[in-house]
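Peer 1: What follows is a structure written as structure tokens; I'll ask about it next.
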């Protein structure tokens, strides 16, 4: 039976997951710290994290549902064109961006899972922060892609290559893809939108594989806890995505980079 403390843990971790999954700050680093502080670790904790990630993914689907359905040929009215060219974001862009990480992720799955330790995550937090700073300082002054529909196939594939950095736990998938997009000439806002849309198939695939391998850790008694975490992550992620997309029109990623360095210092202080 699930006790009240377990539900409290589920709520807190759901908030952390929802807040950090799509921000360039690394949800993995935060989940490790908070999980350790709450005494929630081990195989069941890892399974729980996979399930609440699905709640965050659902939030992206809700925000971008019209665009996502349009990519697979199901249209619910016209999708507003975003950009200055006559191009259109297609399923081909998403598939191209998925290829590099899918290949490396499947080839090195066990190696990647072995990197889920505090020391490795700490270094990834720092490296991801450096990439965010590099993206802000080295990005083209006049991005070629000012909207989502301006992104070329070449840019999509390049963003997919940057996404491979996120296979290093703690690096941040959104941080890697948004930074990569900016460096190859995509507007910060458009790069963020593309990152969120790309997250749906990538995270469903990765989470589905992890869940399949850890189903034996689930029991009927865990369902209330997992439901609380899932619903909390969904609601918080929904708010976080909309707030983030509004915020990045006005600020750079420098504050996020600084925050990552602070989190890395906390990981060092807690675990080293």
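Using the three backbone atoms N, Cα and C, a Cβ is placed for every residue, glycine included.
So Swiss-Prot says this about it:
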- 5-25: transmembrane segment (TRANSMEM)
- 45-65: transmembrane segment (TRANSMEM)
- 88-108: transmembrane segment (TRANSMEM)
- 114-134: transmembrane segment (TRANSMEM)
- 153-172: transmembrane segment (TRANSMEM)
- 189-209: transmembrane segment (TRANSMEM)
- 221-241: transmembrane segment (TRANSMEM)
- 251-271: transmembrane segment (TRANSMEM)
Peer 1: Could you check whether the transmembrane segment (189-209) packs against the transmembrane segment (251-271) - three or more CB pairs closer than 8 Å, residues at least 6 apart in sequence?
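Peer 2: Per Cβ check, the transmembrane segment (189-209) does not touch the transmembrane segment (251-271).
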Peer 1: Can at least 3 Cβ pairs under 8 A be found between the transmembrane segment (221-241) and the transmembrane segment (45-65), with each pair 6 or more apart in sequence?
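Peer 2: With 3 or more qualifying Cβ pairs, these stretches touch.
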Peer 1: As a test: from 5-25, 45-65, 88-108, 114-134, pick the stretch that has the greatest number of Cβ pairs under 8 Å with the transmembrane segment (153-172).
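Peer 2: Between the stretches 5-25, 45-65, 88-108, 114-134, 88-108 has the largest tally.
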Peer 1: Taking a Cβ cut-off under 8 Å, which residues six or more beyond the ends of the transmembrane segment (45-65) line up next to it in the same chain?
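Peer 2: Cβ under 8 Å, 6 or more out: 10, 13-14, 17-18, 21-22, 27, 31, 35, 193, 196-197, 199-200, 203-204, 207, 210-211, 214, 217-218, 222, 225-226, 229-235, 237-238, 240-242.
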